[in-house]
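See below for the structure under consideration.
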Amino acid sequence: MATADEFSDEDTSPIEEVRLTVTNTDDPTLPVWTFRMWFLGLISCSLLSFLNQFFSYRTEPLVITQITVQVATLPIGHFLAKVLPKTRFGLPGCGSARFSLNPGPFNMKEHVLISIFANAGSAFGSGSAYAVGIITIIKAFYGRSISFIAGWLLIITTQVLGYGWAGLLRKYVVEPAHMWWPSTLVQVSLFRALHEKDDQRMTRAKFFVIALVCSFGWYIVPGYLFTTLTSISWVCWAFPRSVTAQQIGSGMRGLGLGAFTLDWTAVASFLFSPLISPFFAIANVFIGYVLLIYFVLPLAYWGFDSYNATRFPIFSSHLFTSVGNTYDIPAIVNDNFELDLAKYEQQGRINLSMFFALTYGLGFATIASTLTHVALFYGKEISERFRVSYKGKEDIHTRLMKRYKDIPSWWFYSMLAATLLISLALCVFLNDEVQMPWWGLVFASAMAFVFTLPISIITATTNQTPGLNIITEYAMGLIYPGRPIANVCFKVYGYMSMAQAVSFLNDFKLGHYMKIPPRSMFLVQFIGTILAGTINITVAWWQLNSIKNICQEELLPPNSPWTCPGDRVFFDASVIWGLVGPKRIFGSQGNYAAMNWFFLGGALGPVIVWSLHKAFPKRSWIPLVNLPVLLGATAMMPPATAVNYNSWILVGTIFNLFVFRYRKSWWQRYNYVLSAAMDAGVAFMAVLLYFSVGMEEKSLDWWGTRGEHCDLAKCPTARGVIVDGCPVK
């Protein structure tokens, strides 16, 4: 990559990757405020926010991203450009200004804004608004109530607060050329590919329709007729009476040795579509996954019986008593929604499955290793680029953007002030529902403000975004224990507002490269966020009130899809960090104090790698050892399971290694299109199945609809532990 000193041409970017991907031209006459943009953008945002929230409670929660909309809206946009009338007419109150439903051909700038709308509908890649989890755990797990208005304010303010941080930092991490945001180049490449002239017999649009129909038609098989195909765990079939064999072979509750799926939702759940992940990322995830699942976990469980691991399932996100029974969480919550210490001491300390304990330890290590790794391997580069961003000349893209009216700073200041005031009112006047005191909001906002700039710089220059959710949970758990909802509210305001800010800034940089007027970006992001958040809570409220025993796996009908795996982990985190508190889990009063050593191990790991790199500079493979990626490879487990990882790695390797290497022209034309079509086809069929047979509770009952047939995988292996449905040694 060229450095700033080596670079002198003022008409190109100083970053080589940007020079190769982003055009240095702009046509400011292209219309962006078109009927097509608003029509397709609002529909896309509404549809994605509905579908993503709808799927979020399912066992395999498919996340439909903006790429689906990017591909699907292209032919629709061209169709509207052909059929809409071109007549120009005036609008009341607009003077002599004229407006047309069809100002000309469907252009790339319209397409970008539609995709930004869609990105808001997918909560910027997260699926649904993170704060919806608070409403879910209150209603479905704790069995308490929260008002709709309190829930809506939580969702909207936590997202818009992130927008305020983004506005304050836009000048520092969007406009400078050296803040180049590598992930945006994928989007730029896709937009350019989609808008190139397509003279092939099999156009991208035709391929998309064919693949969508196939995906739509096939999903009825694993989605309704033969649900066992979601996790084909053949080891369990071969050893129907062996607990150990089923622990090893279960794709949903075990190590998943040999388990695979024929269900796209299982492939793309949690980790998103493997077709859009580069192979080097897949390889890093594979190494980290294999090390944990097939080496560390078996050794800790069967080899050392660490923390009495064999008293509990090997793979579970549930919480347990010391004798292996499921912990009765509601029993230790008093009428004030706080920890009942006497009832807690009666049940005893909370115990985790070996896998769940290791994931927290690896989470600690990942946080520490990320900071150390970035400081050692990228610190000088980040410092140089940030210095250049102040002193360096404007690049061609920043100069081209000067043609458009900038966003006044007072827009962001006003938004930030209003959001903080509304949030303070929420904490003061609805404190009985959210528990968080006003000083908690101030502390969370201060943490978000402090961390947003360095995290944005790291993401903009290295494409790594350190996850700081555990830090916020840990801090609030130490300061204000015994109050679960206060803890998760603190996490959402502190961590997620920062994460949202990074996502907003990423979109701003995409608009910067695509030469989208900044005020158009502002309004589309803001309107999309409000619309998506409102639809998220409306759909969640409907599902929580209409699906009987939703999220209660032990009370749901067999093989019900409404198990809420992500919210189960969110609930467990509220218990561990908020209700019981880290002192009683990872401190002197808990069983897992030794897990804190993972912080030190994670911090020292990159130092060792960096030292080896300095000692042996000719060994080119040493700096490729990326410990944050390796340690964080299984960050989505739980709720993700072994079958999700197995299938994601397999499919990603096929397409992004073999197809990419040996059929590159096909990959360039159709890979992203296929990914979008698979997501869309499954989404439409799943919704159709729910409204046609799901609401009527019409289900099939035969061997192929009774799960993966690994019922013994949930059993402990220690002697004398009694669990319903499990053999006693």
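Note: Cβ is positioned from N, Cα and C throughout, glycine not excepted.
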- Query: Which stretch does Swiss-Prot mark as transmembrane segment, out of 148-168, 484-504?
  - Reply: 148-168
- Message: Which range wins on Cβ pairs under 8 Å with the transmembrane segment (61-81): 207-227, 279-299, 410-430, 640-660?
- Response: 207-227
- Task: Six or more residues out from either end of the transmembrane segment (438-458), which same-chain residues have a Cβ under 8 Å from its Cβ atoms?
- Result: 161-162, 165-166, 169, 172-173, 179, 374, 378, 382, 385-386, 420, 423-424, 427-428, 464-466, 468, 472, 475-476, 479-480, 486, 489-490, 493-495, 497-498, 501-502, 505
- Counting Cβ pairs under 8 Å that sit 6 or more residues apart, are there three or more between the transmembrane segment (123-143) and the transmembrane segment (37-57)? yes
- Message: So, taking each listed stretch (37-57, 207-227, 352-372, 410-430, 621-637) in turn and counting its Cβ pairs to the transmembrane segment (279-299) that are under 8 angstroms, which one gives the highest count?
- Response: 621-637
- Criterion met for the transmembrane segment (640-660) and the transmembrane segment (256-276) (at least three Cβ pairs under 8 Å): yes
- Message: Taking contact to mean 3 or more CB pairs closer than 8 A (sequence separation of 6 or more), are the transmembrane segment (352-372) and the transmembrane segment (621-637) in contact?
- Response: yes
- For the transmembrane segment (37-57), which partner among 207-227, 410-430, 522-542, 621-637 gives the most CB pairs under 8 Å? 522-542
